[in-house]
Amino acid sequence: MKEVKACLFDLDGVIVDTAKYHYLAWKRLSQELGFDFTEEDNERLKGVSRMASLEILLSIGQVVVSEEEKLSMAEKKNKWYVDYISKLKEDEILPGVKEFLTLLRENGIKVALGSASKNSMLILENLKLIPYFDAIIDGNKVSKAKPDPEVFLLGAKELGVNAEECVVFEDAEAGIEAAKRANMKAVGIGSIDVLNKADKVVPGFKGIRLEILEF
Ligand code: BG6
Ligand code: MG
């Protein structure tokens, strides 16, 4: 590929394991509604926007409600979720992430966030990671959710680089698809079984060197 000029990072599941907090908050909502929501069900919500996640949850419980009720349920779930992430500390940054972000900076490679979460700023602030990013694209800036490539294309634009010069780090299938549709290279963080459309898959950032950017 062309020389890599920028790396774009998903947040939930790549930089910090917030999936467990999303799960706890969705589970609490499902219990209020009178059905169970398993960890396996939760896999289906990874990378998916808040409202789309709620639709999946309601379909699992076979619950039918009005649009207005959906909005208040999503708000309720978000309040519980925000309670959890308000307590996030730097030690919850996933292993190797900070070191890799530092390595990129030292080598002149730009860094952007590309997340569906509207809570991205709160999370990055609590983790004290804001100075590591040259651009932050979150759920408040995009109108189309992954697998649409909008979030990553906007990231490249804000960084002033071409899509073909970008590498995306993602833990969700929808995110890998978004990266490929943006014409970027995609590194999956997690398991090859789930992320088989990625150009490469690694279990995490621990010990990762710049060679990860060679394709
Ligand atoms: C994604 C998560 O990063 O953000 C999803 O993987 C989540 O699980 C989505 O639903 C939206 O997050 P938020 O914080 O705006 O509800
Ligand atoms: Mg993710």
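Note: Cβ is positioned from N, Cα and C throughout, glycine not excepted.
Annotations in TrEMBL come from automatic prediction, not curation.
Taken from TrEMBL, the feature substrate binding site applies to 10-12, Trp26, 45-50, Ser53, Lys77, 115-119, Lys146. The Mg(2+) binding site annotation in TrEMBL covers Asp10, Asp12, Glu170, Asp171. Residues or ranges marked as active site, proton donor/acceptor in TrEMBL: Asp10, Asp12.
Recorded features from TrEMBL, shown on the structure.
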residue : record                 : Cβ contacts under 8 Å, 6 or more apart
Asp10   : substrate binding site : Gly47, Gly114, Ser115, Val168, Phe169, Glu170, Asp171, Ala172, Gly175, Ile189
Asp12   : Mg(2+) binding site    : Thr18, Ala19, His22, Lys46, Gly47, Ser115, Ala116, Ser117, Asp171
Trp26   : substrate binding site : Phe37, Asn42, Leu45, Ser53, Leu57, Lys77
Arg50   : substrate binding site : Ala74, Lys77, Asn78, Lys118, Gly139
**Asked** What other residues of this chain sit with their CB within 8 A of the center of the CB atoms of Asp10, Asp12, Glu170, Asp171, the recorded Mg(2+) site?
**Response** Phe9, Leu11, Gly13, Val14, Lys46, Gly47, Ser115, Phe169, Ala172, Gly175, Ile189
**Message:** Within a 10 Å radius around the Cβ, which one of these binding-site residues has the most neighbouring Cβ atoms: Glu170, Asp171?
**Reply:** Glu170
**Asked** Any idea which of the binding-site residues Gly47, Ser115, Lys118 has the thinnest Cβ neighbourhood at 10 Å?
**Response** Lys118
**Request:** Kindly assign Trp26 (substrate binding site) to one of the three DSSP-derived states: helix, strand or coil.
**Result:** helix
**Request:** Under 6 Å from ligand 1 by C-beta, which of these binding-site residues make it: Trp26, Gly47, Glu170, Asp171? Sequence order, please.
**Result:** Gly47
**Asked** Can you list which of these binding-site residues (Asp12, Trp26, Gly47, Arg50, Ser115, Asp171) have a Cβ closer than 6 Å to ligand 2?
**Response** Asp12, Gly47, Asp171
